[in-house]
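Feature list (source: TrEMBL):
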- 1062-1082: compositional bias 'Basic and acidic residues' (COMPBIAS)
- Cys782-Cys809: disulfide bond (DISULFID)
- 32-215: domain 'Laminin G' (DOMAIN)
- 221-398: domain 'Laminin G' (DOMAIN)
- 400-437: domain 'EGF-like' (DOMAIN)
- 436-487: domain 'Fibrinogen C-terminal' (DOMAIN)
- 644-809: domain 'Laminin G' (DOMAIN)
- 810-848: domain 'EGF-like' (DOMAIN)
- 866-1053: domain 'Laminin G' (DOMAIN)
- 1055-1083: region 'Disordered' (REGION)
- 1092-1116: transmembrane segment (TRANSMEM)
Amino acid sequence: MFALSGMVSVRVTSFVDRVMVRGPTTWLRSEVVDLDGKSCLLYRLDKKSLSPIKDVISLKFKTMQSDGVLLHREGQNGDHITLELRRGKLFLLINSGDAEPAEPAARAPGGLGLGSLLDDQQWHSALVQRWGAQVNFTVDEHRRRFRAQGELSDLRLGHEISFGGIPAPGKSVSFPHKHFHGCLENLFYNGVDIIDLAKRQDPQMIILGNVSFSCSQPQSVPVTFLSPRSYLALPGSFGEDEISATFQFRTWNKAGLLLFTELQLVSGGLLLFLNDGKLKLHLYHPGKLPSDITAGVGLNDGQWHSVSLSAKRNYLSVMVDGQVASASPSQGPEQIYSGGTFYFGGCPDSSFGSKCKSPLGGFQGCMRLISIRHEVVDLISVQRGTLGNFSDLQIDSCGITDRCLPNYCEHGGECSQSWDTFHCNCANTGYRGATCHSSIYEQSCEAYKHKGNTSGFYYIDADGSGPLEPFLLYCNMTETAWTIVQHNGSDVTRVRNTSPEHPYTGLFEYVASMEQLQATINRSEHCEQELTYYCKKSRLVSKEDGTPLSWWVGRTNETQTYWGGSLPDAQKCTCGLKGNCADSQYYCNCDADRNEWANDTGFLSYKEHLPVTKIVITDTARPHSEAAYRLGPLLCRGDKLFWNSASFNTEASYLHFPTFHGELSADVSFFFKTTASSGVFLENLGITDFIRIELRSPAVVTFSFDVGNGPFEVSVQSPTHFNDNKWHHVRVERNMKEASVQVDQLSPRTQPAPADGHVLLQLNSQLFVGGTATRQRGFLGCIRSLQLNGEALDLEDRARVTPGVEPGCAGHCSSYGRLCHHGGACREKPSGFSCDCTSSAYAGPFCSDEISAYFGSGSSVTYNFQENYSLSKNSSSRAASFHGDTRLSRETIKFSFRTTRTPSLLLYLSSFYKEYLSVIIAKNGSLQIRYKLNRYQEPDVVNFDFKNMADGQLHHVKINREEAVVFVEIDESMRRQVHLASGTELSAVRSLVLGRIIGHSDVDQETALAGAQGFLGCLSAVQVGHVAPLKAALQPRRPAPITVSGHVTESSCVAQAGTDATSRERTHSFADHSGTRDDREPLTNTIKSDSAVIGGLIAVVIFILLCITAIAVRIYQQKRLYKRNEAKRSENVDNAEAVLKSELNIQNAVGENQKEYFF
């Protein structure tokens, strides 16, 4: 048949052997060819048939074989296109070094596969369409589309296409293949009827092997075992000395009885069953050990498997797919006689008197080609009731269903199945749930922070259950949460010899895709990226006509000519906005075009243009012209969607949004807080379908829904009430497997979906939030961070124009105040909260970062309470209880320490009346707490001598005194309570000393000895009432009451076992975001090496020397500085950056007016 002009319509009748194609005036009979598994058709293309732009291949096929090549076209160097049936699935394979489809599977050895169970002796259609690099692959109703990286016409293919196999013996391919055995119909290549050409023996066609042009494939009669109660009982011969049977089966179940037959004369039997996907043959009879044979593996893969068993005297064997497994003669039966009836697939009810046994339950699946004693069983006779009997069978069709097609496992989850259902393996996907729908990761650093997480690397899934994959980034948890995304170009890069005709292009690749970054940026309250352009006779803009000479490109792929700190479309730099450029005629320092290093530096903060993906430089071709650049990481702050909220003030108020579309899978998550006892959070209606989430009662949250199977409800009940005016998190999910509800950390509740019921959720009304369409049972309270299938709804924007609803919701400390540790106070913010660590010995966003210091020999920290007497009159002072004439009747003291020196003074609290408290380590290593609350009496001593406390290990001490009662806890395990005899009050507190006591003090001998020695080691988290002396001593701007003597440096008291505590602590400085943005930018927790610190100190010394010697020794000092920087900082900067910094430092030495020369 040739290609038709005009309108062509196709009428398809399922599962028939003929399709009539109607043209404009005539009916044409479809063409069929029957291939026997050894034959094929070879089509030789002429030049007219070659299409470099478009190829269309269409066909229909039916077969009983699971493997076979339908189409193959081969070229040079192994290039080929192949359409092949493998294990009942159709694969499209494209092999070319030039064409790499977006679907990597299309080039992989397995190819891109569609369909399943295609070897069912039914007609299936296949269509391959190629337009340029775009390829559509369709099998029945399943379609996949991909785009090749290059034109498929670039494939170096020959002029021959084979159908049904790969014929030429001289041609080789890199994969095993079989010829197709079955029928092809309506086989067209670019409109050419291939079968018609073969029938007419066209010269372009070569027929290899025996083919016929009618479909005469023999029909097998399969039988389906529908349930565990199904069975097929067939008669056999009584008293035969051999038992034999053959059949084929397919199933998804791992276990089930395939065959049982009773032995005559003895009460034994022969069982053939599946167990864990393996075939087991079990022969038992009384008084003798049973005989067992195991064969095959993974037989529950849905494929047809052939089985043949034989049992006779001293012989027992089973063959699976051609592989024989047999028992040794000693294990074979001495004599065997058949019992007469063969039970396939299961056993009848015991009331029928059968001795059939089914230890693992019945078989669910299909069987065909059943033979007993080499005689084929006529299953049509069984169906008519003239042979054997059966129960719950479907004869003359195989009712197996591939429940993994389509694959409802999301995000790369691996689908497996049984006869009734499917399962999703979500391991290593980053998702969880019955269909791997829900992300296990948070959507932002802000969300991680409000779960109590500290700074570190985290996986972020910006769109939650959406299609974007999670990615790893750094979260810097300061007062706000900073997201830090790195790229491959963080070092300084020098550029020379470029011009507009030969520009330099620097590309930046991030740890995440542009789609992932866009989702992260969109969620953030603010994003920025520092871009520095260094220049020496290298301009950003042409003086003559203002043409940009250097520019950068963001994610919108648009050229941007504004620079850090400026605004879009301004073509300015920071100095241009501030009016302090090196040359007032220009808006950028670099446009001054001076023969010395300058730079234009600033933060780009227009979110729509971030991140920077490319920088182009064109003006470094002139003599002495040079440029360099450095791009910082992408920094994003906060999460505006996490705090997006609305307050519902009346039961009749609600917000409405477009219809929610979650036909196959849907998830809804939000926070709520309320004092009401009930109310509807969300509702969306269809004609009959609906979803509703509500607070059913003070302690019950309910998810109601209907997808056409009738209404269902899933509820979570809490032991405490939800209407406590605290934030509670609700997450609801409905998918093909189940519906589930989880509230906070309570166990989720689930409702399984009906096995074969309706699955599509079809809604058509508006989505109502905070109420219902009837304006009844509305919600009173706050809803925050409402997301549907990973997409956030802007509640605040809609609330601004809705009566009865207000944007925002105050009061977060009631829910998140628990995250402020160690005495930190929760402070409300418009969006969220912060922890005030002023009165805590700890620091950080949650007051959980321990403040520790190493004390060298003879060092001390003194906190003078009475140095400023006016503080005693200030009742608002947190230390007011320690000042003036106040008599201290109670105190709480906490600290940790590590040392190996004895004696040592850990803490000394003195008063003006010669009263004191001292905590010391005595010479014998015991910890002593000495209270002298009456200057006329000896001190009370609390002695802990159960171990040597100067053992180099970290110890924790907690002291709590209430008048004369003192409670002491050591290392959270040793506790003691004592009563003081010396008094109940400490009057007029003077000072608090950590380490060596400086000057004369009227104390007992043990305290004096320890005070003279001081403390050598590490002290941590020292808290005396509301005073944190160690924290105050380590602040950059030390407060007036603090005096530090000797060597006291910030350190960490955490040490490995065996560490010498007397050795000097090696410490590293970490950047924190506790200051303003201008003080310190958010940094990752990268630790600079000691060599880098030393290199920095050397650079400072050299800088001072250069200022003194000035220009005369410039070249010499430049080389010396470069060499030192190269040696000391090779781990952190490349040679270009070291030279550049050297030159810039030298320029600063002779020109202090360049304010932007900072590194």
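Backbone N, Cα and C atoms are what each Cβ position is placed from, and that goes for glycine too.
Listed in sequence order, Ser645, Ala646, Ser647, Phe648, Phe671, Phe672, Lys673, Thr674, Cys809 are the same-chain residues at least 6 apart in sequence whose CB falls under 8 Å from the CB of Cys782 (disulfide bond). Under DSSP, residues within the domain 'Fibrinogen C-terminal' (436-487) fall into helix, strand and coil as 5 helix, 20 strand, 27 coil. When Cβ atoms from all protein chains are considered, those within 10 Å of Cys809 (disulfide bond) total 23, not counting its own.
Here the domain 'EGF-like' (810-848) is broken down by DSSP into helix, strand and coil counts: 7 helix, 12 strand, 20 coil. In the predicted structure, the domain 'Laminin G' (644-809) carries a mean pLDDT of 92.
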